[in-house]
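Undergrad: Got a structure for you, questions after.
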Amino acid sequence: MAELEGLEFGKSDFVLLDEVTMEQFMENLRLRFEKGRIYTFIGEVVVSVNPYKQMDIYGKEVIEDYRGRELYENPPHLYAVADAAYKAMKRRAKDTCIVISGESGAGKTEASKYIMQYIAAITNPSQRAEVESVKNVLLKSNCVLEAFGNAKTNRNDNSSRFGKYMDINFNFNGDPTGGHINNYLLEKSRVVQQQEGERNFHSFYQYQMLQELLFRSDELLKSLYLQRDPAEYAYTSQGASASNNDSLCHKAVMAALKVIGFTAEEISSIYKILSTILHLGSLQFTNDGEHVIIVGEDTVKHISELTSTEAENARKTLLYRTVATGGGEVIEKGHNEKEASYGRDAFAKALYERLFAWIVGRINSVIEVKDYNPALHGKNTVIGVLDIYGFEIFDNNSFEQFCINYCNEKLQQLFIELILRQEQDEYQREGITWQHIEYFNNQIIVDLVEQPHKGIISILDEACLTAGKVTDTVCLDSMNKKLGQHPHYTSRKLCPADKTMEFNRDFRIRHYAGDVTYSVEGFLDKNKDPLFQDFKRLMYNSSDPVLKEMWPDGKMSITEVTKRPLTAATLFKNSIIALVDKLACKEPYYVRCIKPNEVKSSMLFDDGRCQHQVAYLGLLENVRVRRAGFAYRQPYARFLQRYKMTCEYTWPNHLMGSDQEAVEAIVNQHGFEDDVAYGHTKLFVRTPRTLFTLEQERSALIPILVLFLQKVWRGALARMRCRKLRAIYTIMAYYKCYKVKAHFWEVERRFTNVRNMADYGKSVEWPTPPAALVQFHRITQHLYRRWWARQLIKNIPPSDMAEVRAKVAALSALSGERVDWGYSRAWERDYLAKDSPLTSTNFVRITKELKNKDQYSQILFSCSVRMLNWFNNTKDRALLITDKHIYRLEPKKHFKVQKRIPLDSKCSITSLPHQWILCSEWVPSE
């Protein structure tokens, strides 16, 4: 890794430091920050320093560089740990989580967004619409939750004032199918009070600035009874004012709400609730001598209209409290000015808290995995992303900081258990000898806060449940008595010489991150988190369905006996314990965020400030564990399965006694004997370089193996196809043989008795032959016709054979030319010689004369004809054809020769049934 980036950028993994000291650690961290390298590895942990500027290291090209690569194959980056978590989830079907920790302003929120963007970018390559929809909602939810859960503080312009844990569900293909968001401890006290220089939640300012941008008229503002200036309202005028970015951010929020699926009515209800909260802050109470009254009844009417309640009910709820006596009697108890103001603020905080919880629930209803069936859809795996508030030390630390720092103690405990203690315990279980590393176990601090009956939360709950007037000071005295001997707890009473704490107000806890002094003022009220039941019933009876849905507990009447609700601290403790249990069952990946300075400068690196964070994050101990231990460990079977192709003795299967021996063969062949250790069930690899080398060789062999497998498979497919073709051809051959035999059988059946038929089978229809016998069929038919002709001819007398031959010759010549050519009658040839005696005598005489004269051999044909000349006149004539000439004779003049033309002259016979002879050489006048 150092080679990838160059030595001028320092060591990209703190494990590679020459000496593990705070000085070298800080020197390397400073050098990388100054060189623009904000990410550094500690094994699989990413240390991130907030650059306080935009950096061009998050584009599509960078995503492609990290997609599918090993953790140590590229320079340190958030994408590397995100890809490692995704690959572990996809390859091993194991749930993973990414824990992002650090103090406020260290860049946790931005880190979580980049991780989400990376996971969205590398999933769903087929662009399935339903998966894209889930990805869009998951990404857009960040924008909405930031608007309603983040605020500007003195340390951070976009500080998360709530904790967020998001589970992303994946199918067997590795595509996101849904998710679930858990939110923790929204800082609702910010709704009614902010420190100097800080602001309320972004949503209040974004909404009011949006009106100026989109609505040139005041119509919408008038419907909400609002002014554009946030300074007009008590809840938004205490700290910093609105900024120019608010309107632009709100554009993105509105677009995100629509993408997620919020309806126009739901969005309208959201902003009516925000307007109601602003109007609540403007309410003032005064005493007219006997009763408390509201200054400005119009504001109450505005609130009732915005919440869709009756104005009189809203007024009574603000001024009176309904109490049920032991006998079931219901009485109304009027507030004094202090109680009315307290109830107003409590109502405003509860409104915003329930609005935020409803928004989270509404998002969850959209992104939850629906109709999931493990048998049908495969194993459902999860990647969890935790973005939760960092450790906080303010000038005035109250109940919220106490809960936040307790949460960080629990997360640090998880980090210790999963990264440090489990690592050492695993080495001991596997029988690996290594140097023991001392580390601070903060379990003692966790017990100080959450231990039953003895912890601070138990003491607070006990004080809240005690009847009578119990003050914060009384609660502090109780903590001093019960915790006075605890090494991590002190107060001014226990340490009178420490003047940094006030008597009867302050106590101090020695957290893993440093000493924090808390002011006990307001602890009990914030722990009780009281809200008069009248406000709950008022909201439940609203005609606005969104408001009604947010207050289901308002359904109960005042006389119904209900169990005392859990305190805020106990609820938070239970949720954090559940969160830690959820994280503990997943394979963790860590991003440790560091804030370089307090002035949000991209150039300043505050050594003292950073060193303090490095110390309380336990980063140096983490380096020592990694350096003294092994960077990678894997069961023998799994290691062998992944790398067996890199050794000739283990591919494709080894013949050794155990998997451990096979793994040793792989290690020895590559010369890594000095960089590994063999446990009872696992192989331990000391440096990432060894693993990187194995991965490189495996990556080079995979294409070769793939080609080999493709070749084998293609050969198998070809052989299967060949066998199928052979079978097909065999079947075809047998079928053809069957068809030939069937045809022969059918011909034999039809023509068996043709000798005994009158027509010798001429009327028998031939069967259609198969394609293979078409030519044979033609030959057979020809042979049959010859046989049939022979049967006919053998019955003709020899004297008629000359006529038969003549007719056959005529058939050959006239076939297709004449329809009727006299084949059905007897042919006499010399018809005139066989006519009447007188005619025949004259004709015979003239033929003898012509024979002597023209020397012809025989008479071919003679008959009487009708001549048609050019003038359409007809005359009776006689026609004589010899083997040399054609003669036209005049029968009435004793067959006088009128015309003689050679036999080869141009004469033709028409194909029409009138039997005309056309002779062009005869003179037309004749």
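Even glycines carry a Cβ here, placed using N, Cα and C.
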Undergrad: Tell me which range among 70-92, 254-276, 576-598, 691-713 TrEMBL lists as region 'Actin-binding'.
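TA: Based on what TrEMBL states, region 'Actin-binding' spans 576-598.
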Undergrad: Just how many other Cβ atoms lie inside 10 Å of the Cβ on Glu103 (ATP binding site)?
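TA: There are 24 such Cβ atoms around Glu103 (ATP binding site).
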Undergrad: Please report, as numbers and ranges, the same-chain residues at least 6 past the borders of the region 'Actin-binding' (576-598) whose CB is under 8 Å from any CB of it.
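TA: Result: 29, 33, 42, 44-50, 52, 78, 81, 84-85, 88, 94-108, 111, 115, 155, 165, 182, 184, 382, 384, 386, 390, 406-407, 410-411, 413-415, 417-419, 450, 604-606, 609-610, 613-614, 617, 619.
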Undergrad: I'd like the Cβ neighbour count for Ser104 (ATP binding site), meaning other Cβ atoms within 10 Å of its Cβ, all protein chains included.
TA: 21
Undergrad: From the DSSP assignment alone, can you count helix, strand and coil residues within the domain 'TH1' (816-926)?
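TA: With helix first, then strand, then coil, the domain 'TH1' (816-926) has 24 helix, 39 strand, 48 coil.
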Undergrad: Looking only at the domain 'TH1' (816-926), report the model's average pLDDT.
TA: 80
Undergrad: Quick one: give me the count of other CB atoms within 10 A of the CB of Gly105 (ATP binding site).
TA: 23
Undergrad: Count the Cβ atoms, other than its own, that fall within 10 Å of the Cβ of Gly107 (ATP binding site), considering every protein chain shown.
TA: 24
